[in-house]
Amino acid sequence: MDLLSDGTGTPGWATTASPAYVACIGILMSQYTITGFDASAHLSEETRNASWSAPLGVLTSIICSSVFGFFLILCLLFSIQDFDSTIASTVGQPVLQILLDIFSEDGAIVLFTLVIICVWHCGLFSMTSNSRMMFAFSRDHGIPRWFHYVDARFHAPVRTIWLAAALAFILALPSLGSSVAFAAATSIATIALYVSYGLPILIGLIWHKNFKKGPFNLGVFSRPVALVACLWIGFISIIFCLPNVDPVTSQTLNYTPVAVGIVAVWTFGSWYLFARKYFTGPIRQIQAEEAGVDIDEPGALERAEIEGKIDRM
């Protein structure tokens, strides 16, 4: 039980701040790690019976990630041989040092290779989701229509895939020389993503009488769960903007609020200045509604395509 109750660390927030503050800023990486649970929703346009399969995919990924992730963390913590030597490891990666202590060099290489493969697949899934979202966004005139293109050979939106790769590469560059920059990048990604989750939840919570529920819903628990979700998103959005390194200097300051503020100003400014003039919403959904197709009915879009009521994807 000491593993779960004792706090161990080097001077910094561990000695100058309350344990609650340290615990709160410590959830950043875990919160960042599970941000891809909505990948099935981003691929819903390529999924049959999406009104059921997409939300089930989201729930399944959350449950599996939570359960297996928790036991993985426990295994790593119980495998620490010496805390000080693990933190001060010359390899620069505590997890790799734990594997070296337990399995020696050959075993550690094999296991860490599996970790690298998992990280690579995580990036691949993120790239897939991002490229599909940008492809749909370009179709809806949110970004230049040039990106609304499916390669005839690969049957994939190659242009948006390269766009997603280029943007990810550029955003990752500052993290190469600074752990603070990496923490800021993960904070920005986490806050932006969860705010994008929270806005439709908040709208549905406030104007629930005008909100049309789909086939998959939580029934009477919808509003309580939505309230908890909005409160949690608001809480972590504030926490992740706070400094996570002590002492706070110009080099260690958390610049997440600045970056989030710039993105927010650009988003609202571009909307009011020009974007609202040509972005009218999801074109595919608008076409379906104009054709009298119930988009919440399983298989309705596929039947509408076959019948020629809406354009094929």
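Note that Cβ sites are derived from N, Cα and C of the backbone, with glycine treated the same way.
Here's what TrEMBL has on this protein:
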| type | residues | note |
| --- | --- | --- |
| TRANSMEM | 20-44 | transmembrane segment |
| TRANSMEM | 56-80 | transmembrane segment |
| TRANSMEM | 108-127 | transmembrane segment |
| TRANSMEM | 161-185 | transmembrane segment |
| TRANSMEM | 191-208 | transmembrane segment |
| TRANSMEM | 220-240 | transmembrane segment |
| TRANSMEM | 252-274 | transmembrane segment |
Could you give the residue numbers and ranges of same-chain residues that sit at least 6 residues beyond the transmembrane segment (220-240) on either side and whose C-beta is under 8 angstroms from one of its C-beta atoms?
24-25, 27-28, 31, 187, 190-191, 194-195, 197-198, 201-202, 204-205, 208, 213, 256
Before we move on, state whether the transmembrane segment (108-127) and the transmembrane segment (161-185) share at least 3 Cβ pairs under 8 Å, counting only pairs 6 or more apart in sequence.
yes
Report, as numbers and ranges, which residues of the same chain sit near the transmembrane segment (252-274): CB under 8 Å and 6 or more residues beyond its ends.
180, 183-184, 187-188, 191-192, 240-246
Tertiary contacts of the transmembrane segment (191-208) (same chain, 6+ residues out, Cβ under 8 Å):
31, 35, 38, 222-223, 226-227, 229-230, 233-234, 236-237, 240-241, 256, 260, 263
